[in-house]
Amino acid sequence: MAVRELSPARCTSASPLVLARRTKLFALSEMRWAALALGLFSAGLLTQLCGAPQWVRWALFLACYATGGWEPGLAGLQALQRRTLDVDLLMVVAAIGAAAIGQIAEGALLIVIFATSGALEALVTARTADSVRGLMGLAPGTATRVGAGGGEETVNAADLRIGDIVLVRPGERISADATVLAGGSEVDQATVTGEPLPVDKSIGDQVFAGTVNGTGALRIRVDRLARDSVVARIATLVEQASQTKARTQLFIEKVEQRYSIGMVAVTLAVFAVPPLWGETLQRALLRAMTFMIVASPCAVVLATMPPLLAAIANAGRHGVLAKSAIVMEQLGTTTRIAFDKTGTLTRGTPELAGIWVYERRFTDDELLRLAAAAEYPSEHPLGAAIVKAAQSRRIRLPTVGEFTAHPGCRVTARVDGHVIAVGSATALLGTAGAAALEASMITAVDFLQGEGYTVVVVVCDSHPVGLLAITDQLRPEAAAAISAATKLTGAKPVLLTGDNRATADRLGVQVGIDDVRAGLLPDDKVAAVRQLQAGGARLTVVGDGINDAPALAAAHVGIAMGSARSELTLQTADAVVVRDDLTTIPTVIAMSRRARRIVVANLIVAVTFIAGLVVWDLAFTLPLPLGVARHEGSTIIVGLNGLRLLRHTAWRRAAGTAHR
């Protein structure tokens, strides 16, 4: 049975409001044809039991053949044109053979069960497509764009361009990934980040398409086109993953061709040899048709893809995008995980951690006001952290003049008539003079740097007046994720970072990582990955920066955090954690392992049924109806078993396994 791919046509709709709906069963042509075939078969069986004329039974059963068998028959003929022997065609031939020897009811039963298993397969594909449609339906169809003169116009969200200003009213869905320019509100972004409570948003904060604005109005600047938004990337990656095949499936399909040819040869032998020993042609043909049916690898072919596709769809709904069935399959074989530091275990965005004032004329807010004003024209990340801290305290920044940037050292500007310099301790000690810097200030700088903080000195009119400690905040879930990863894989994770040893060791202690490798360049990270894998580890590497891309490519599986601003990193990674929640990494590994267990169970069920029925048919006499029912029944069992991973409880169960 051919595994159907997710059709892009099934993932589009004219109305965004319809996109989140689940596909109804009878919206699928496979379901309609299977139901019609079942109805005709039931009617034919009823007429047979009631003693109706033979032509009535035959008419109903032949109609069952046509409705349930035309799609697999056509698919089989098309495969034959490509010189491929398809199981679909073999099943139709077997059903026709059954009719040829007067066993039309049994052949119709085969058609019905085969059509039903095909409908179940289509249902798996449709449910995956539903997840894609649901994601695409999160973003609104229109947006209120604000013109240069302040006028408002309603436009299609797809027509928004980078830099456009959009007004988001209370209760509206946000139409694009953007930055807040004015206003304040709380935003429900559970659909993208998974956070259960609304998140406060103010000037400078990032918002995502498809999230819901709260009680305040926001004016936002578009950062990404609609096709590049977070939800669009999720949908694209889930769709692409659904069109791939796992290594197990590729192996099965490779073997299937040779198996099918051998099966046809044995079928011919089963038909041709017994008459030489006196068996009737009709009995030999019946045995041969029964053999062809029960030896068909339908259940084997269906064993692999439904569980993996269901796992991909479920993980996608929870913010983890596996780019292919191969990736979903490989995740479960992970024996060790390596994490980058900045942007992975930490948020990747510098934040102000503390203020130390060394002149009584300044308060904390006044010192921050001067430093933020001086840094406002700067494009340095540390300067942005200082400005954001001032904005979060709602400090109004004064006008700045005579701004000068000295890259890597400091910035200077005239603020309120004072010359303010903000920069590194090393650079500004030379400017201000070590004699002017109090001993307590020197001690504080040394201590904070030893603790892993970046220290910024604020100088007013050539006199140092305060210190600002800036840090890259540890993700709150990092320690829990490391603990879960250790329990799940049986090996403690590794920290691979380009940061200095002191900072890396401090973070390792915080999250529970003993194997810390610091000061690594991109090539060094690749070498570390290869060394770990040479020791037998199947390594999953988690990173976010462009410097992590080579290591992600070299790993058994590479996972990028959704905050990664590098397109190269996102393209190189095998999977993406869109919601930036580290705890989903152990969960998706547990989900992959469960999918692999279901695949193995399916293969055991399929092979056991086929082997048992083949032996029964060749060694004894297997009634055709019983052979059809048991063979196709095993196919349906395998298909339904794979569908279990589509349920929301499957993700919760995987999370429970990973974090117990």
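Glycine residues also receive a Cβ, built from the backbone N, Cα and C atoms like all the rest.
Per Swiss-Prot, the features are:
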{"type": "TRANSMEM", "residues": "33-53", "note": "transmembrane segment"}
{"type": "TRANSMEM", "residues": "60-80", "note": "transmembrane segment"}
{"type": "TRANSMEM", "residues": "94-114", "note": "transmembrane segment"}
{"type": "TRANSMEM", "residues": "261-281", "note": "transmembrane segment"}
{"type": "TRANSMEM", "residues": "292-312", "note": "transmembrane segment"}
{"type": "ACT_SITE", "residues": "ASP340", "note": "active site, 4-aspartylphosphate intermediate"}
{"type": "BINDING", "residues": "ASP544, ASP548", "note": "Mg(2+) binding site"}
{"type": "TRANSMEM", "residues": "598-618", "note": "transmembrane segment"}
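Distance from the CA of ASP340 (active site, 4-aspartylphosphate intermediate) to the CA of ASP548 (Mg(2+) binding site) is 8 Å. Scored by C-beta pairs under 8 angstroms, the transmembrane segment (33-53) has its highest count with 94-114, from the stretches 94-114, 261-281, 292-312, 598-618. In this structure, the C-alpha atom of ASP544 (Mg(2+) binding site) lies 8 angstrom from that of the residue listed as 'active site, 4-aspartylphosphate intermediate'. Look at ASP548 (Mg(2+) binding site): DSSP puts it in a helix.
Beyond its flanks by at least six residues, the transmembrane segment (598-618) meets 248, 270, 287, 290-291, 294-297, 299-300, 302-304, 307-308, 627, 630-631, 634-635, 637-638, 641-642, 644-645 of its own chain at Cβ-Cβ distances under 8 Å.
Note on the transmembrane segment (261-281): residues 85, 90, 287-288, 291-292, 295-296, 618 of its chain, located 6 or more positions outside it, place their CB under 8 angstroms from a CB of the stretch.
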